[in-house]
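Copied over from TrEMBL, here are the features:
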BINDING   B:ASP95, B:ASP97, B:ASP99  Mg(2+) binding site
BINDING   B:CYS96, B:CYS112, B:CYS119  Zn(2+) binding site
DOMAIN    B:48-120  domain 'Phosphoribosyl-AMP cyclohydrolase'
2 protein chains.
Amino acid sequence: MRRMNGMSARIAPADSALAPEIAAQLKRDDDGLVAAVIQQYDTKEVLMVGWMDDEALHRTLTSGRATYWSRSRGEYWVKGETSGNVQDVKAVSIDCDGDALLVQVDQHGPACHTGAATCFIAGGPLPVTA
Amino acid sequence: MRRMNGMSARIAPADSALAPEIAAQLKRDDDGLVAAVIQQYDTKEVLMVGWMDDEALHRTLTSGRATYWSRSRGEYWVKGETSGNVQDVKAVSIDCDGDALLVQVDQHGPACHTGAATCFIAGGPLPVTA
C-alpha cells in the first residue's frame, strides 16, 4: 500500500472507516480501486468515470460529495474542491460483481476539467462502422 | 501479454486491427484495459461496466455488437452470445483522458447475467448517510 505525505496518504482498506459489510462487497483491482460511473441524477447523462478505494467510497457516502482516488496524482480529491464544480451525491449503487459503482449526483457547473459538460463530450465520438 | 488457447488469445495492441488514431487515444491500465460504461441509448439507464482492450474496442466499433475482455475468464466475449441478450451498438465516445468509454447500446433482454435489468439493480444501493 502506498504511503505518501500528509492528507494524500492512501488509506489501506483495513484502516478505512468504510462499513465492513460494504467493504466485503468490493472487488478491487490490483491497485485497490473500483470504477465509479458518475451520472447526473435527473437527466441521466453520464458525466465521467472516476476511481475509488475504500476510503474514497466511505467519504463519498458520508460527506455527500463525490470523492475519488487520483491514479495520476496519487491522492484523494473531492471533485470541485478547487473549481467549485462539486457533485452532490444523491444515490450510490454497486454492481453485481462489486467492481463498479454507479454514483448519481447533482453536478454543479461542468463535470470535466476541460470545461465541457461531460468528459465524454470532451473526448468525443469514435466511429461505429458496423 | 497473455497468450491463451484458440479464439480467446489476447491480442496485443500492436496486433489489433483497431485504427491507430483511436489506439493512440487510449490510456490503458496495467492489464491493457479501459473501462466501458454501457448505457441504454434511449432511456439513458446505465446497464453495466465492462472492460475493453484494443481488440475488444475494434470488434465493438466494427461488428456493432458490444464485445469485452473478461478479466475473470481471460477471454473475449460478445455480450449475449450465449444468452441472446445482445447489445446493438448505437454510439461510442471516449473520455477526456482516454481511460474510459461510453457505449450507447440497444439492450435486448436483461443486461445482467443475474436476470436483473441492470447490473446495478442486481448489486443494489449503498447507504448515503450525509
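Glycine is treated like the rest: Cβ placed from N, Cα and C.
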Distance [Cα-Cα, Å, rounded] between B:ASP99 (Mg(2+) binding site) and B:CYS119 (Zn(2+) binding site): 21
Chain-internal residues near B:CYS112 (Zn(2+) binding site), provided their CB is under 8 angstroms and they sit 6+ positions away: B:LEU47, B:MET48, B:THR118, B:CYS119, B:ILE121, B:ALA122
Secondary structure content, the domain 'Phosphoribosyl-AMP cyclohydrolase' (B:48-120) (per DSSP, counts of residues): 12 helix, 30 strand, 31 coil
Neighbour-count leader, CB within 10 A, binding-site residues: B:CYS96, B:CYS119: B:CYS119
Lowest local Cβ density (other Cβ within 10 Å) among binding-site residues: B:ASP95, B:ASP97, B:ASP99: B:ASP97
